[in-house]
Amino acid sequence: RGPGDAIILAKQLYGGLGQNPFNPAMIGYVVLLISFPVQMTSWLPPYEIAATTPDMLDTLRMIFTGHTASGGDMRLLRIGIDGISQATPLDTFKTSLRAGHSVEQIMQYPIYSGALAGVGWQWINLAWLVGGVFLLWQKAIRWHIPVSFLLTLALCAALGWLFSPATLASPQLHLLSGATMLGAFFILTDPVTASTTNRGRLIFGALAGVLVWLIRSFGGYPDGVAFAVLLANITVPLIDYYTRPRVYGHRKG
């Protein structure tokens with residue numbers, strides 16, 4: 001379903017390759033997230049603590065049908081489990097804030113505690129960062145969008161954390177969790193849906209950074225990168241219109 005939405009709704013509907021105004025991958029993901037919110041935000045309990053241990057076929061049946069071969073469902077697999085953290089630190093952060101916990105309390109959770117080497121989600125984003133730097137080194141992408149996006153997100157997060165440290169996440173959490181680095185280097189830099197001028201790329205990246213921070217801090221979804229990308233895509237024609245180079249003369253034919 002997701003690839004079909006990405007190809008048909010986001011690409012072919014607008015004329016095919018190179019004509020799409022929206023990032024196809026983000027369209028596919030957002031359509032799935034809105035159409036199937038429960039399936040997209042539910043996960044099986046960890047193998048070690050499940051009341052019933054599913055094998056590979058049971059896991060596949062659970063993904064596609066919601067039940068194992070013996071008729072068990074996700075609720076039965078969770079019997080006897082006191083609590084399960086959700087998929088990402090951003091999920092846990094937003095859910096815990098809604099439960100009335102402070103940021104100081106939340107950051108003591110096992111998913112956040114420990115040195116950098118002990119927190120896997122930070123390493124994932126650092127790996128994306130290394131890949132993005134490699135793309136910059138190879139000149140496969142330009143620096144304007146990733147740099148403006150990351151700096152703006154860090155600045156918004158720092159200001160928010162400075163004025164409301166009990167309810168808003170720190171810059172480190174914003175930069176090294178979720179799809180931050182993936183979005184900065186591999187999604188926002190899509191040449192078809194991003195701005196085409198250097199000044200426009202800086203504005204486009206900064207706008208996406210602000211939107212990610214706003215959605216994460218005050219919106220209903222814990223990450224927000226996909227929604228921020230699509231909202232920023234809407235503004236690209238306007239950004240290009242006001243940032244295109246001025247033409248001072250032309251050759252008469």
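Cβ coordinates come from backbone N, Cα and C, glycine included.
TrEMBL annotations: computationally assigned, not manually curated.
The following features are taken from TrEMBL:
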TRANSMEM  21-38  transmembrane segment
TRANSMEM  111-136  transmembrane segment
TRANSMEM  143-163  transmembrane segment
TRANSMEM  169-188  transmembrane segment
TRANSMEM  200-219  transmembrane segment
TRANSMEM  225-243  transmembrane segment
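Same-chain residues lying 6 or more positions outside the transmembrane segment (21-38) and placing a CB less than 8 Å from one of its CB atoms are 1-7, 9-11, 14, 187, 190, 193, 221, 226-227, 229-230, 233-234, 236-237. Long-range Cβ contacts of the transmembrane segment (225-243) within its own chain (Cβ-Cβ under 8 Å, at least 6 residues beyond either end) map to 21-23, 26-27, 29-30, 33, 178-180, 182-183, 187-188, 193-197, 199-200, 203-204, 207-209, 211-212, 215, 219.
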